[in-house]
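Asks: Below are the features listed in Swiss-Prot for this protein:
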- 230-238, 368-373, D455, R470, K566: ATP binding site (BINDING)
- K97: N6-succinyllysine (MOD_RES)
- K97: N6-acetyllysine (MOD_RES)
- K152: N6-acetyllysine (MOD_RES)
- K303: N6-succinyllysine (MOD_RES)
- K303: N6-acetyllysine (MOD_RES)
- 1-26: transit peptide (TRANSIT)
Amino acid sequence: MRPWLRHLVLQALRNSRAFCGSHGKPAPLPVPQKIVATWEAISLGRQLVPEYFNFAHDVLDVWSRLEEAGHRPPNPAFWWVNGTGAEIKWSFEELGKQSRKAANVLGGACGLQPGDRMMLVLPRLPEWWLVSVACMRTGTVMIPGVTQLTEKDLKYRLQASRAKSIITSDSLAPRVDAISAECPSLQTKLLVSDSSRPGWLNFRELLREASTEHNCMRTKSRDPLAIYFTSGTTGAPKMVEHSQSSYGLGFVASGRRWVALTESDIFWNTTDTGWVKAAWTLFSAWPNGSCIFVHELPRVDAKVILNTLSKFPITTLCCVPTIFRLLVQEDLTRYQFQSLRHCLTGGEALNPDVREKWKHQTGVELYEGYGQSETVVICANPKGMKIKSGSMGKASPPYDVQIVDDEGNVLPPGEEGNVAVRIRPTRPFCFFNCYLDNPEKTAASEQGDFYITGDRARMDKDGYFWFMGRNDDVINSSSYRIGPVEVESALAEHPAVLESAVVSSPDPIRGEVVKAFIVLTPAYSSHDPEALTRELQEHVKRVTAPYKYPRKVAFVSELPKTVSGKIQRSKLRSQEWGK
């Protein structure tokens, strides 16, 4: 254990008798809070980041010791349900035991070495959290991905990241097999299944036989932890690399302040495992000793979510605004949420009327936050702070967030500009390391003393930020970031498409959706528009991830262009949004 942490834990275990009641049972102690306060001080930038840090060793194993000493309520650390009666509960001790076994699978049968990269493409199964922790224990860099990735998406990610291993489920294994021969770095394929598949190692079988003894890798704080692919407006998705500390410690403050978590809380975030919000949940909840609740939730179903909130003692809920829009359309008076005390949302703009309807029908406020794959939480409405409906909240420590013009000059309150985070003279440790293998994109994201988020907003005189839109053309539909070039490239593969432009279009449920303006080739100009629309939509679903398909299609004779011939998506977007 690191020297800076050993002192705190030994103090906790040494002093446990002093806090025992007359029956010798541990009473509520301040000691775990002292440990959390140390992590929080680092997260807030008030204490230096240690040279060495490993989340599994320095956080999870510490909570396991505190749990064993009786310094934590009897909540599980992890609680998974599938909606048909199956449940899995792990204490921190059991999580440690199972993750050490998983670490032996990665380092043994998979042959992974510290620094090697592994893709995790799994639905909401317990193995995702188990393997994530195992990656930390072995120094393996994890690369999460959504289960909707197509063969083309998987090939690009495996080739670009040079991942040596992938773990996935039965439904995606055929897609991986179809492209694995074109991915020379890929050495092992790990299957989470109760059945076998030729050419694949069965994770569950290997886990059953693995040893519980494992020495955690001694990682440096700046060593890579995770890579996330994020969509952009030009070309292929970028690789965002985060370090052991940027995620491992960077989310502690938001977990304590915005999510308001304690060791008594049970936290359910409905996010997909492939998105950064899954990592945010892990790194927010477990440092605070909280329980992560997971429902397998094969598809979003408002009634399933509401019934789950009624059945289980969930105290804290986080959903994207799209889901809250669906929930408030139900008759919420039919449900009783006896344990629910705190609700959060982020990933896209929240309509004020949704927040008001939710609060009116449940009595629970909705607290909005804002961040990116490149950062941790940038702005938020912490619990207890006055909420201004429609605002993203105030800057979250340790960030100095400003609104700047296109030259990087700070703008006064009330003026719209670029959302920027100060990175000089000191770069916040919770920032991403870089866009991997892309120094040009990394440099382009900075301007003077600031990192430019690519989003536009204004800040009022009280320091609240109000989202105005994106500088780029990325479409944010139900919190899925979709690059227009990816959709346009998919459309271009169909013989009916001469050229296309893809922009966002307003939608009452999803906030915004993909709309494609298409100029047809002469051979298809007389085709039935409705039938052709359906054909093109199905084509995009086959070529790229299904969530990227254009829900709206307009056939036009020409597209607006600049003098140099570049398509002006901004004009089409303004037309859609009435600006």
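Positions of Cβ are set from backbone N, Cα and C atoms, glycine also.
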Asks: Cα distance, K152 (N6-acetyllysine) to G371 (ATP binding site), nearest Å?
Replies: 28
Asks: Just to verify a number: CA distance, K152 (N6-acetyllysine) to E368 (ATP binding site), in angstrom, no decimals.
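Replies: For K152 (N6-acetyllysine) versus E368 (ATP binding site), the Cα atoms are 35 Å apart.
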Asks: Round to a whole number and give the Cα-to-Cα distance in Å for the pair T230 (ATP binding site) and K303 (N6-succinyllysine).
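Replies: T230 (ATP binding site) and K303 (N6-succinyllysine) have their Cα atoms 31 Å apart.
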Asks: Work out how many Å separate E368 (ATP binding site) and K303 (N6-succinyllysine) at their Cα atoms, rounded off.
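Replies: That comes out at 23 Å between the alpha carbons.
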Asks: According to DSSP, does T230 (ATP binding site) fall in a helix, a strand, or coil?
Replies: strand
Asks: Long-range neighbours only, meaning 6 or more apart in sequence with Cβ under 8 Å: which ones does K303 (N6-succinyllysine) have?
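Replies: The answer is E330.
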Asks: With every protein chain in view, what's the tally of Cβ atoms within 10 Å of the Cβ of K97 (N6-succinyllysine), excluding that atom itself?
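Replies: By my count, 16.
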Asks: What three-state class does DSSP give A236 (ATP binding site)?
Replies: coil
Asks: Rounded to a whole angstrom, what is the C-alpha distance between D455 (ATP binding site) and K97 (N6-succinyllysine)?
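Replies: Taking the Cα atoms only, D455 (ATP binding site) lies 43 Å from K97 (N6-succinyllysine).
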Asks: Find, among the recorded positions listed as K152, T230, G371, the one whose Cβ has the highest number of other Cβ atoms within 10 Å in the structure shown.
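Replies: That would be G371, with the highest Cβ count within 10 Å.
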Asks: Who sits close to A236 (ATP binding site): which same-chain residues at least 6 apart have their Cβ under 8 Å from its Cβ?
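Replies: The answer is Y156, A160, E486.
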Asks: Counting other Cβ atoms within 10 Å, pick out the least crowded of the binding-site residues E368, D455.
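Replies: Across E368, D455, these binding-site residues, the one with fewest Cβ atoms within 10 Å is D455.
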